[in-house]
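Peer 1: Okay, so TrEMBL annotates it like this:
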- 5-216: domain 'Cytochrome b/b6 N-terminal region profile' (DOMAIN)
- 218-341: domain 'Cytochrome b/b6 C-terminal region profile' (DOMAIN)
- 357-438: domain 'Cytochrome c' (DOMAIN)
- 33-59: transmembrane segment (TRANSMEM)
- 89-111: transmembrane segment (TRANSMEM)
- 118-139: transmembrane segment (TRANSMEM)
- 145-163: transmembrane segment (TRANSMEM)
- 184-206: transmembrane segment (TRANSMEM)
- 233-254: transmembrane segment (TRANSMEM)
- 294-313: transmembrane segment (TRANSMEM)
- 325-344: transmembrane segment (TRANSMEM)
Amino acid sequence: MASRFYQWLDSRLNLKPVERTLLDEPIPGGASWIYVFGSVTLFLFVMQAITGMFLAVYYAPTPDHAYDSIRFIETEVLFGAFVRGLHHWGASAMVVAIGLHMLQTFLYGAYKPPREAMWMVGVVLFLVVMTFAFTGYLLPWDQTAYWATQVGVNMVGTVPVIGDFMMRVMRGGEVLGALTLSRFFAIHVLFLPSVIVTFIVLHLFILRRVGPAGPWTDERSALTKETFYPRQVYMDAVVIGAVFALVATAAWMLPFPLTDKADPSDTSFVPVPEWYFLFYYELLKYVHGPLEPLATWVLPMVVILIMLFWPFIDRNPARNPIKRPVALGAGVLFLAVVLSLLGLSIKNLYAVPRADPAVARGQALYAGFGCAGCHRIHGAGGAVAPDLSFVGDTRPEREWHLKHFKDPQSVSPGSFMPKFPLTDQQLQDLTSYVLSLKRTP
Ligand code: HEC
C-alpha cells in the first residue's frame, strides 16, 4: 500500500532526487553516535518553535499583563505549565546540544578546509541561540527577568562611543520598560526565528555541498561508505527520543517558579541569570573599576571573533587531535576556565545562607503582633523600647527570651512590654527570630 502510494506520488512529484539529497548522503567512515548532536539541536529548535507558538497564544507583551499572562498559562491553561516547562528546559537543552555539537566539530577538526564556511555559519547560529536565550529571559516580566536584563543592557552600555546609543536602542528609550518588553518580544518571536531559519538552511546547504567530514584519518574514512539512511537516521532518532524524554520529565517534575512581578523601583533585588550565563556573571564579579570594560565587552568581543575566524587562525592541516597540541590546548584551557567559573558561581550561590523557616515564621509574628510599635530594627519602628537590631549579640541566651516572652515582668521587673498570648511553637519561632538579629548572621 505504502509503496503504491509512494509510486503514485513519485510519478507526480519526481521524489527520487529529493530522497537522494535527503537520505543517501554518504557518510565517510560510516554512521556514528558522535555525529548526533547537530540533529538533536535541530530537533530542539523545532520543539522551541512549536512550544513558543502555543505560548504566544496566551502571552501578552506589556508590563501590565505579561506577568499575569504567564501566571495564567501556569495555573489555568490546560497543559500550560507543561508547555512552558518544555520551552524553558528545551532552551537549556539546546544550549547543551549546540555546545556538544561545536565540541565534536572542534575535536574532529571538521572546521578545516573546505568546511570553514560551515563552521562560521555555525558560530552565527550559536550566537543567535544565545540571543534567543537573552531576549526570552525578559518576557515573564518577573523580578529576576527584569534585573538580569538590566545587567545585560548595562554591559552593552560600557562599549565606548556607541555603547550609549546601543543601550537606548535595546531599551527603546531611557529606561527598561514597556518599549523594551515589546522590542524583546518582537526580536524573540519574529526577527530571530527568521534569522535562525535562514542560517540553518545555509548550514545544511553547505553540508550537502561539501559533505560531512567523517573521521580524522583518511584510512578510516575510506573504510566504509555508508549513507545517512538508515543507520545514522536511526541513531539520531534514538538520541532525539531520549533527549525529549529528559526535557519532558524536567517540564513535568521540576516547577519553574516565577519570582515576584517586576518592580523597577526595587533596586535591592539581586538577579541570578540562567545557568549558561552564570560563568560570565561570576567573571564580572572579579573585575572592577578601570578594568571593567575588559570583561563587559573587550573579552567577549575577542572570544567571538576568535571563534568566528578560528578555521583561518588554526593553519595546522592535521585533523587528528594528537597532532594538534596548540588547538587542543587552547580548547581545553577555554573549557577549563568556563567550567571552573561555572562551578565557582554555583558554589557561591549555594553558600548564601538559607533562610531558616523558624526565623521566617518568627519574623511574620513580629510583624503580626505589632512589636515594631515599640521596638526598632535597622531604623524601622518605634523608639520607646530597646533597639533590637543586634539583640542576638547582646542577649544570646535562648532561655532568657523564652522566659521573657512568657512573662516580661518576670525577668525585667517593671517592664511595660505586654504579655502576648503565644503558643509554644510561636514562642520558639519568635525567639529564633530575635536570636537571628546579629551583626554577622
Ligand atoms: C508596648 C511596647 C512593647 C511592645 C509592643 C513590645 N515590647 Fe519588647 N520590650 C519593651 C520594653 C519596654 C522592653 C525593655 C524591658 C524588658 O526587657 O522587658 C522590651 C524588651 C524586649 C526584648 C529584650 C531586649 C533587650 O535588649 O533586652 C525583646 C527581645 C523584645 N522586647 C521583643 C519583643 C517582641 C518580639 C515583641 C512583639 C511580640 C515586643 N517586644 C513587643 C516594650 C515592648
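In case you wondered, yes, glycine gets a Cβ from its N, Cα and C as well.
Annotations in TrEMBL come from automatic prediction, not curation.
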Peer 1: Go ahead and report the DSSP secondary structure tallies for the domain 'Cytochrome b/b6 C-terminal region profile' (218-341): helix first, then strand, then coil.
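Peer 2: Once the DSSP states are binned, the domain 'Cytochrome b/b6 C-terminal region profile' (218-341) shows 88 helix, 4 strand, 32 coil.
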Peer 1: Under 8 Å between C-beta atoms and at least six residues away from its ends: which parts of the chain pack against the transmembrane segment (233-254)?
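Peer 2: Result: 23, 31-33, 35-36, 39-40, 43-44, 47, 82-86, 88-90, 93, 97.
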Peer 1: Quick test of the contact rule: Cβ under 8 Å, at least six residues beyond the ends. What residues does that give for the transmembrane segment (294-313)?
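Peer 2: The answer is 111-113, 115-116, 119-120, 123-124, 126-127, 155-156, 158-159, 163, 280, 283-284, 286-287.
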Peer 1: For the domain 'Cytochrome b/b6 N-terminal region profile' (5-216), provide the mean pLDDT of the predicted model.
Peer 2: 94
Peer 1: Per DSSP, what is the residue tally for the domain 'Cytochrome c' (357-438) in helix, strand and coil?
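Peer 2: DSSP composition of the domain 'Cytochrome c' (357-438): 44 helix, 4 strand, 34 coil.
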